[in-house]
Structure formats: C-alpha cells, structure tokens
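K.L.:
Here's a structure for you.
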Amino acid sequence: MQKSSSSSTLGPGGLDLTQAFFKQIQQTAPPSPTKRHTKISVIGAGNVGMAIAQTILTQDLVDVLALVDAKPDKLRGEMLDLQHAAAFLPRTRILADTDYAVTAGSDLCIVTAGARQNPGESRLSLLQRNLALFRSIVPPLAKYSPDAILLIVSNPVDVLTYVAWKLSGFPPNRVIGSGTNLDSSRFRFLIADHLDVNAQDVQAYIVGEHGDSSVALWSSISVGGVPILSFLERQEIAYEKETLEKIHKEVVQSAYEVISLKGYTSWAIGYSVANLSRSILRDQRRIHPVSVLAKGFYGISGGDAFLSLPAQLGRSGVLGVTNVHLTEEEGQKLRDSAKTILEVQSELGI
C-alpha cells in the first residue's frame with residue numbers, strides 16, 4: 001500500500017522541484033543529529049481511531065502521524081482525507097499502511113483496534129478474540145518501536161492494557177490504558193453543571209475499573225480549591241448520599257447513552273487521548289486517572305491488575321501514582337474493583 005501521496009518530483013523525468021524551487025544560502029551546516037521528529041502511530045482507523053488522529057493533528061502534537069488498519073481501502077481513504085486538509089493544519093507528515101513497519105521509530109503507539117461483541121456472545125469469548133487480535137498487534141509494535149510508550153484505548157481497556165504489557169515485554173511505566181480519564185472528565189462536567197462553574201475548575205477523579213465497578217472519589221473533590229463535602233458540612237448544608245450515587249451512575253451510563261443515540265462514541269475519547277498524548281510527549285507531568293499496574297497501591301494485592309489511579313505522566317510514561325487520601329469505603333471499593341479485574345484476567349490464560 002502507498003504510504004503517502006506527497007512527492008517533490010513531477011513529470012516523467014522526475015524533476016526535483018525542491019532543487020529548482022529553493023536555493024540554499026552559503027556555508028550551511030547539516031541538521032543537528034540531536035534533533036528528531038516526534039511520531040505517533042494510531043492502530044485502528046475506525047471512529048475512535050480517526051477522532052484521536054484528527055484531534056492530535058489539530059493540536060499540533062506530532063511531526064509524523066502513522067495510521068495502521070487491516071482494511072487498506074478505508075485506510076488510504078482516511079489518509080488522503082486528512083492529507084487534503086494540509087492547508088488548514090500544522091505541517092505533519094501523514095503515513096498509512098497495513099504493514100506495521102510504517103510505525104517504526106514511534107514515540108507513542110495508540111491502540112484503538114478491537115473486536116466488537118456479537119449478539120449473545122459471552123464476555124470471555126469477546127476477550128479471547130481480543131487477545132488473539134492483540135497477539136497480532138502488540139509484538140510488531142514492540143519490534144519496530146522498542147522505546148515507545150503504548151497507550152491502550154480498546155475495551156475492556158484495563159484487561160487489554162494488562163495483555164499489552166505481557167505481550168510487549170515493556171516495563172510497566174511504558175504501558176498505559178486510557179482508563180477513567182474520560183470518565184473523570186464526564187464526572188467533572190456533571191459536577192460543574194450542577195454548580196454552574198467551569199469544568200476546568202473542578203478537581204474530581206473516577207478511579208478503578210473503566211466500567212461498572214468504577215469508584216467516584218467524593219472525599220477529594222474540590223471546586224476552585226474548596227473541598228466540596230467538608231464545605232457542605234461546615235455550612236451545615238444537608239446532602240443525600242443517593243444524590244452523589246446518582247451522579248456517579250450518570251457517569252457510568254453516559255457512554256451507553258451516547259452509543260444508543262449516535263451508534264458510537266468518538267469526539268470525547270479523541271480529546272481525552274490527545275490530552276494524554278500531550279502530557280506524555282511534552283513531558284507535562286500532569287496527573288491523569290489512567291490504567292496503570294496497581295499492585296502495591298492502596299492495599300491492592302493478589303496479582304498484576306491494571307486499573308485507573310491518579311498518575312503523573314511524562315516523557316517516560318508513568319512517573320508515579322499520587323497519594324490521594326481515600327476514605328475506608330472508597331479504599332474497599334477500589335480493592336473490590338481490582339478483584340473484579342483480576343478474576344477476568346485469570347480466565348485469559350496469559
């Protein structure tokens with residue numbers, strides 16, 4: 001498959017336009033060997049993968065963007081569609097191929113490919129099919145980009161991040177799942193909507209499984225630096241626990257609602273993953289709730305579970321996990337969430 005339609009030569013003689021169009025200044029030195037291009041590869045050119053690619057392009061995060069998918073015609077169509085927007089975007093070289101060699105030298109590999117659940121199919125059967133798919137994806141990525149960071153977006157994201165870690169042989173700091181970064185954004189939006197403030201002024205985390213057993217950390221929520229629950233208690237403002245649980249339930253159900261209305265989710269996860277990519281590649285050292293190797297944190301034990309914890313991200317991947325105070329109830333729910341994930345992983349035989 002053709003990787004790029006761009007070329008500096010025209011005509012049967014192969015006239016090199018760069019030589020004819022530009023004249024070099026005198027006494028030039030070659031480019032510094034220390035300077036290199038930043039490269040991201042996105043695996044899977046479906047709705048989620050292309051939303052991520054489009055957002056990465058518009059936010060000017062990379063010099064080279066590589067797309068990989070099993071469907072060559074769709075893949076080339078997506079590549080051309082993005083390339084044709086070159087006049088409106090920061091300069092980025094866009095490549096596409098069904099061969100994983102196109103990903104060589106990537107700084108960050110984002111995996112969105114995954115099998116869809118068939119009607120009546122069990123969760124274990126779906127997981128086994130995704131495991132087989134990841135066996136064809138992860139080893140080539142590790143081969144062509146041995147120093148890359150893997151960012152897993154495919155669902156179930158926590159278990160598949162564990163699978164990617166096992167298959168890649170990478171250290172755990174370089175294998176990350178998108179986890180509850182988007183769940184936490186939805187959480188912040190709902191709280192901001194209730195209080196009529198900007199969501200960026202809300203500090204709130206959803207942790208644990210990206211799914212039904214996720215945990216809302218109500219005890220650490222703050223708005224504009226003000227801890228919400230302690231403020232309500234000091235002001236003797238009554239609130240019902242059921243109200244808090246209802247907001248958390250809205251977070252869990254929100255993706256299902258979007259899927260039922262438009263058939264899939266794309267834009268929010270696109271922005272979420274671009275947000276993570278920026279923190280990693282620009283060494284922002286920001287804290288995100290992402291799926292990491294959680295063993296040893298908050299009393300989690302019994303196996304190598306990947307689940308979301310507030311983690312500091314930078315150029316080497318996961319720099320550390322923050323020591324957020326949890327109530328006894330929150331800690332137990334988090335450990336229960338880890339147990340749920342470990343039970344699923346035990347069925348994979350990997």
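Numbering starts at 1 and runs along the chain as it is shown here.
A Cβ is built for glycine as well, from the same backbone N, Cα and C atoms used for every other residue.
Pasting the relevant annotations from TrEMBL:
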DOMAIN    38-177  domain 'Lactate/malate dehydrogenase N-terminal'
BINDING   G44, A45, G46, N47, V48, G49, D69, N130, V153, S154, N155  NAD(+) binding site
DOMAIN    180-343  domain 'Lactate/malate dehydrogenase C-terminal'
ACT_SITE  H210  active site, proton acceptor
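I'd like these features described in context: how deep, what's nearby, how far apart.
P.N.:
Across the domain 'Lactate/malate dehydrogenase N-terminal' (38-177), DSSP assigns 68 helix, 26 strand, 46 coil.
Packing around G46 (NAD(+) binding site) is summarised by its Cβ count: 17 other Cβ atoms lie within 10 angstroms of its Cβ, all protein chains included.
Within 10 Å of the Cβ of H210 (active site, proton acceptor) there are 30 other Cβ atoms, across all protein chains.
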K.L.:
Is any of the binding-site residues G44, G46, V48, D69, V153 within 10 Å of H210 (active site, proton acceptor) (Cα-Cα), and if so, which, in sequence order?
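P.N.:
Qualifying among G44, G46, V48, D69, V153: none.
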K.L.:
Would you mind listing, in sequence order, the residues at least six apart from D69 (NAD(+) binding site) in the same chain with a Cβ closer than 8 Å to its Cβ?
P.N.:
I43, G44, A45, G46, G49, L75, E78, A96, T98, A113
